[in-house]
Amino acid sequence: MKIGIVGAMAQEVEILKNLMADRTETRVASAVIFEGKINGKDVALLQSGIGKVAAAIGTTALLQLAKPDCVINTGSAGGVAKGLKVGDIVISDETRYHDADVTAFGYEKGQLPANPAAFLSDKKLADLAQEIAEKQGQSVKRGLICSGDSFINSEDKITQIQADFPNVMGVEMEATAIAQVCYAFNVPFVVVRAISDGGDGKASMSFEEFLPLAAKQSSTLVLGMIDRL
C-alpha cells in the first residue's frame, strides 16, 4: 500500500518530510510531492499550497503521479465546535464547502453541481484515526469540517457558517477541495486536523503562535496511522 498525505503549508508537512527515507522530490506548478518511506511504509507527501485551487491542483498531481491507495489530509484548523481547544484533533466524517452557493438552482448550501452536498470520509480511515488519537491520549472530536477560501477570524463569520452548518466542528481552507478530487478519482480519504485557533477575533495571533503545536499533534496522529496501514 502507498499512503498519500496532503498538507498545505511547509510547517504542516515538515515533521513527516524529515522522517522520510530515500526521499525524492517532484514539483508540479506550485505543489511539491515528496516520495519515500516512513517507518518502512511507502508514502507520497504533498505540500499543496494554501487554498482550494492549490489543494485541488496538488491533489490531482499526487493521485496521477504517485497513485496512492488512500489520502490523509493533515494540518491545522480553526475550532468552532463547543469545547474544542488549541491542540485538540478533529477528524472528518464529512466535508463541505461553506462558501459555495448554487441554491438558486435547487442545490443545498455548499453543494456544487454534479457533486454531492457532502464528501464522506472513508469510515475505516476515520475509525483508525480516532482509535489512534485516543490511544495517544489526544483529545479528539469527529464530524463535519467546512472549507472556504477565507481565514475565519471573527465571531460574525463563525455565526454565519454555523447558521448554514449547525454541526460544523472545524473550518479551514483545503480539505473539501482535496475530498472532491479524491471523490472524482474514487480514492478513499480522511481529514485529520489539529486546532490552531478559535476562528474568532484573536484567530490570527493564535494561529501564528500555535501552528507548530497543531502541526506536531496532527503529524503524530498521522505517524500512528502510517504504522497501521
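Note: Cβ is positioned from N, Cα and C throughout, glycine not excepted.
Under the heading active site, proton acceptor, Swiss-Prot lists Glu12, citing sequence analysis as support. DSSP gives Glu12 (active site, proton acceptor) a helix state. Non-local contacts of Glu12 (active site, proton acceptor) by the CB criterion (under 8 A, 6+ apart in sequence, same chain) comprise Gln47, Thr74, Gly75, Ser76, Leu211, Ala215, Ser218, Ser219.
Taken residue by residue with DSSP, Asp197 (active site, proton donor) is part of a strand. Here Swiss-Prot flags Asp197 as active site, proton donor, drawing on sequence analysis.
According to Swiss-Prot, the feature substrate binding site maps to Gly78, Ile152, Met173, Glu174, an assignment based on sequence analysis. If you draw a 10 Å sphere around the CB of Gly78 (substrate binding site), it holds 27 other CB atoms from the protein chains shown.
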To test your reading of the substrate site: which residues beyond Gly78, Ile152, Met173, Glu174, same chain only, put their Cβ within 8 Å of the Cβ centroid of those residues? Ala77, Ser147, Gly148, Ser150, Phe151, Val171, Glu172
Hey, what's the Cβ neighbour count for Met173 (substrate binding site) at 10 Å? 23
What's the number of neighbouring CB atoms sitting within 10 A of the CB on Ile152 (substrate binding site)? 25
Cβ distance under 8 Å to Glu174 (substrate binding site), same chain, sequence separation 6 or more: which residues? Val6, Ala8, Ser48, Ile50, Gly51, Lys52, Ala54, Ala55, Asn73, Gly75, Ser147
